[in-house]
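Per TrEMBL, the features are:
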type    : residues                                               : note
DOMAIN  : 1-224                                                  : domain 'tRNA methyltransferase TRMD/TRM10-type'
BINDING : GLY109, LEU133, GLY134, ASP135, TYR136, VAL137, LEU138 : S-adenosyl-L-methionine binding site
Amino acid sequence: MRIDIVTIFPGFFDVLDVSLIGKARERGILDLRVHDLRDWTHDRHRTVDDTPYGGGAGMVMKPEPWGEALDQMLDDEALLIVPSPAGERFTQRLARELAEEAHLVFACGRYEGIDQRVIDHYSERGRVRSVSLGDYVLNGGEVAAMAMIEAVSRLVPGVVGNPESLVEESHEDGLLEYPSYTKPPVWRELEVPAILLSGNHGAIAQWRRDQSLERTHERRPDLL
Ligand code: 6GU
């Protein structure tokens, strides 16, 4: 999978050098490139923002640098993703959809967002999705893009070593994941549930299912 990220803070994405994503990049499974939006400005101050038409607080990102950057970045198969608190909700379902794509381009806006004509223009030329992580406000699209890239890339075959570890997770079956335990059997007087030491795989599977349901009922009744 090819992933391009356009941002005014390329350093945010340095962490993508490490861990499973870093290894997938080394192995050539992920071709991930980070680009500085200011490379497509032409003035001395490398200006990327301006005051909003109609007034109001904050600054809006100018369309011209985005146009030059995205013209260079987008090919026929690319899907442009614009992280935005005003976007559709990012879910495990959307992560699975995006994991099927050959080429994702993330346009990370700061300030009060990107001039709407950028989104309108590329929506006419190709595929664009505005995507939100959830109902809260971040300072910009960078952290959201990072979360989406991690959720998507771990579903790309070969990125996570053991594909079985992908199936029993929170949200994969629409429920929250059951609690996990490891050695020692007693820690600070707290015991591991006896069923997990029983060796009865049928009973363990049933217990885990019950725990998943109970947790979901308690913490996320909206999922049921
Ligand atoms: Cl994608 N962007 C910003 N700025 N804030 C957010 C978000 C995205 N998702 C949730 N909050």
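From the backbone N, Cα and C atoms, a Cβ is placed for every residue, glycine too.
A map of TrEMBL features onto the structure.
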| residue | record | CB count, 10 Å |
| --- | --- | --- |
| GLY109 | S-adenosyl-L-methionine binding site | 25 |
| LEU133 | S-adenosyl-L-methionine binding site | 19 |
| GLY134 | S-adenosyl-L-methionine binding site | 12 |
| ASP135 | S-adenosyl-L-methionine binding site | 7 |
| TYR136 | S-adenosyl-L-methionine binding site | 7 |
| VAL137 | S-adenosyl-L-methionine binding site | 7 |
| LEU138 | S-adenosyl-L-methionine binding site | 15 |
*Greatest CA-CA distance (Å) over the residues GLY109, LEU133, GLY134, ASP135, TYR136, VAL137, LEU138 that the record ties to S-adenosyl-L-methionine?*
17
*Could you check what DSSP calls LEU133 (S-adenosyl-L-methionine binding site) once collapsed to helix, strand or coil?*
coil
_Neighbourhood of ligand 1 - binding-site residues from GLY109, LEU133, GLY134, ASP135 with Cβ under 6 Å_ = LEU133, GLY134
